[in-house]
């Protein structure tokens, strides 16, 4: 009779006494892991006649897929939009620190910057798997500089650019390389944006609409050319108007191509979006909602002055402003805080709140077969959480990479 070693010598770990988020429901069953992947126990029992080498009692924890943050500008004193000699050690620090907040994969985000910054920083960002060293890097999110002057928000005006001269060639010259780029945020009302959206989409890069004064038809046209995401809905765009709802109108548009879904990011920190606006968006288009932190270098630090690319920002509690103004500039909220606030503000189910930070961003990036679920054969990136949705432990590829100190609970 073959043993469980007939397929692999790697140990099989069985997580017991837990509720697993699978197929949109918390299910009371065990989680089986081998070689960094989620195992199908039926195949293990019946095909391999195998059994667990290690059993771990989860003490009735919730087990959910690891969180995926597709918009994070930095944290813990590190600013991804600053070209420094020790940029790599900075990105390593952030990827290590966000494990405690349940983030197992992320897209380091650069705000509008001079070309020299992109040319220095982007070659230092490499797509990599997560592990004990920190969360995995899925590729960079470039937010700007091809955005609207009227809705620049915290982005420096002197660095903004247009597509009018060379369109896609201008974009390539500005960024230097698209090798590690996963998302580009741009304003779709700009001249020649359609051809840029098509070129980016052709290369497998997600195009997001944001920092824009686009009307609904311009936004719909961008989606028809391949755009699939909206950067921090409601923030840095025209407010909803009943005669022309602008980019916000994409949530209920009937002009979205068949088989396509528009996703939208929301900063659920209690400051960037009123809870009523969060509820409106969620009720209008629940399957498109992606929680993002939009965290800046000041996340995890004391109040005071910090940077966001070329700008100085002031942190006052959970509020972050461009220094000397009342212009919001990113957040200092962590992803687990955003998940809890989203659930509290909308009254949605635990499953829905957790999927907004895991399944939906994975679907947006087209990595759902590997990340964002606990389906069989997917990557064993998952969290143990208590009923209050506080992270107790973080696992990447089936290995524990962070655990809450029981004395500090």
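The backbone N, Cα and C atoms fix where each Cβ goes, glycine too.
Model, not experiment: these values are computed from the prediction.
TrEMBL lists 62-401 with the feature domain 'Amidohydrolase-related'. The Zn(2+) binding site feature in TrEMBL is assigned to 143, 211, 232. According to TrEMBL, the substrate binding site annotation covers 154, 235, 236, 243, 272, 328, 329, 330. Residues annotated as active site, proton donor/acceptor in TrEMBL: 294.
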Lowest local Cβ density (other Cβ within 10 Å) among binding-site residues: 211, 232, 243: 243
Inter-residue C-alpha distance, residue 211 (Zn(2+) binding site) and residue 154 (substrate binding site) (nearest angstrom): 10
Distance, residue 236 (substrate binding site) to residue 294 (active site, proton donor/acceptor) (CA atoms, angstrom): 13
Cβ neighbours within the same chain of residue 235 (substrate binding site) - under 8 Å, at least six residues apart: 153, 267, 272, 273, 328
Inter-residue Cα distance where the pair is residue 143 (Zn(2+) binding site) and residue 330 (substrate binding site), in Å: 12
Other CB atoms, at most 10 A from the CB of residue 330 (substrate binding site): 32
Environment of 143, 211, 232, the listed Zn(2+) site - residues of the same chain whose CB lies within 8 A of the CB centroid: 71, 111, 144, 147, 153, 155, 185, 208, 210, 231, 235, 236
Cβ packing number for residue 272 (substrate binding site), 10 Å threshold: 23
Count of other CB atoms lying within 10 Å of the CB belonging to residue 328 (substrate binding site): 20
Alpha-carbon spacing, residue 232 (Zn(2+) binding site) to residue 329 (substrate binding site), which is rounded to whole Å: 12
Neighbour tally for residue 143 (Zn(2+) binding site), based on other Cβ positions within 10 Å of its Cβ: 29
The domain 'Amidohydrolase-related' (62-401) [mean pLDDT, rounded to integer]: 96
Among 154, 294, which are recorded positions, the residue with the most C-beta atoms within 10 angstroms of its C-beta: 294
